[in-house]
């Protein structure tokens, strides 16, 4: 490990609020990537906190030297560089409205955020709890922090799923597939097909050059039918898989956690190490691509030690802009009714 990495790690403290399946996946991923010198776990369940802390501590011989603290007392979070919020109210019943669930989470965030800022006023807030775009907006409002210091995990994981699904169809590594899902982390998310490429080669060109005629013909057939999106086949099939994949995982195992943990650790890496890497994360989108309201949704952002350094202005097709505005509107329809 480089000396610079050691120095940086030695001064870094990360707090994870919520020790459920997602919170602990975030914690273990952060530990495995050696991203901090001090890790604090916060929750209201004292016994579970103690058990999780002991479990992690017993693996000390296999992990980097990290001080692990688990507590119900926010004083232990003092001077955290990043505070990750995974805690959230669960849906009380199947017929509970989305707004009612959001409002329950607002009450929870009213308790969490002031305590975090009391001890770490210069921290970055990374929201993971769902619905992430709405709760990131709520966190921004409650915190009073600059928008650049409040972000949500957003479609960072959605974009990874997107790249994986395309790469599996093309038989290449997902690391060489470049593409983004933007907008809401949810049903109205928008795949930016116009810029999807494999190693710099536009996807449709790659399909044709690699002799995947059947794929190209299917896409061309869909183009003739729909005309507006030259990758409508993928749009219909692959986007559905991206959006529904979390539901599938929940159906099989009851929850999702490992991929979201890896996604959060990836974002934390870029923030702590000042990577200036680009991630599609949930940020304030007003004024971008004609969006008129104060909504948080995912756009590609350059991340560094000070948070969101700037937003990458993608060149979108008219259809993509329309879908992004629709996504923003669907979020605003909920946000405008939230009582803060």
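Positions of Cβ are set from backbone N, Cα and C atoms, glycine also.
Just so you know, TrEMBL annotations never went through curation; they're auto-generated.
Per TrEMBL, the features are as follows:
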type: ACT_SITE; residues: 185; note: active site, proton acceptor
type: BINDING; residues: 18, 19, 20, 21, 22, 23, 43, 105, 128, 129, 130; note: NAD(+) binding site
type: DOMAIN; residues: 12-152; note: domain 'Lactate/malate dehydrogenase N-terminal'
type: DOMAIN; residues: 155-337; note: domain 'Lactate/malate dehydrogenase C-terminal'
Residues near residue 185 (active site, proton acceptor) in space but at least six apart in sequence (CB under 8 A): 130, 131, 132, 133, 152, 153, 154, 155, 158, 282, 298
Lowest local Cβ density (other Cβ within 10 Å) among binding-site residues: 22, 128: 22
Longest CA-CA distance among 18, 19, 20, 21, 22, 23, 43, 105, 128, 129, 130, per record bound to NAD(+), angstrom: 18
Residues near residue 43 (NAD(+) binding site) in space but at least six apart in sequence (CB under 8 A): 17, 18, 19, 23, 49, 70, 72, 87
Surrounding CB atoms that lie within 10 Å of the CB of residue 18 (NAD(+) binding site), all protein chains: 24
Across the domain 'Lactate/malate dehydrogenase C-terminal' (155-337), average pLDDT on the 0 to 100 scale: 83
Secondary structure tally of the domain 'Lactate/malate dehydrogenase N-terminal' (12-152) (DSSP, helix then strand then coil): 68 helix, 26 strand, 47 coil
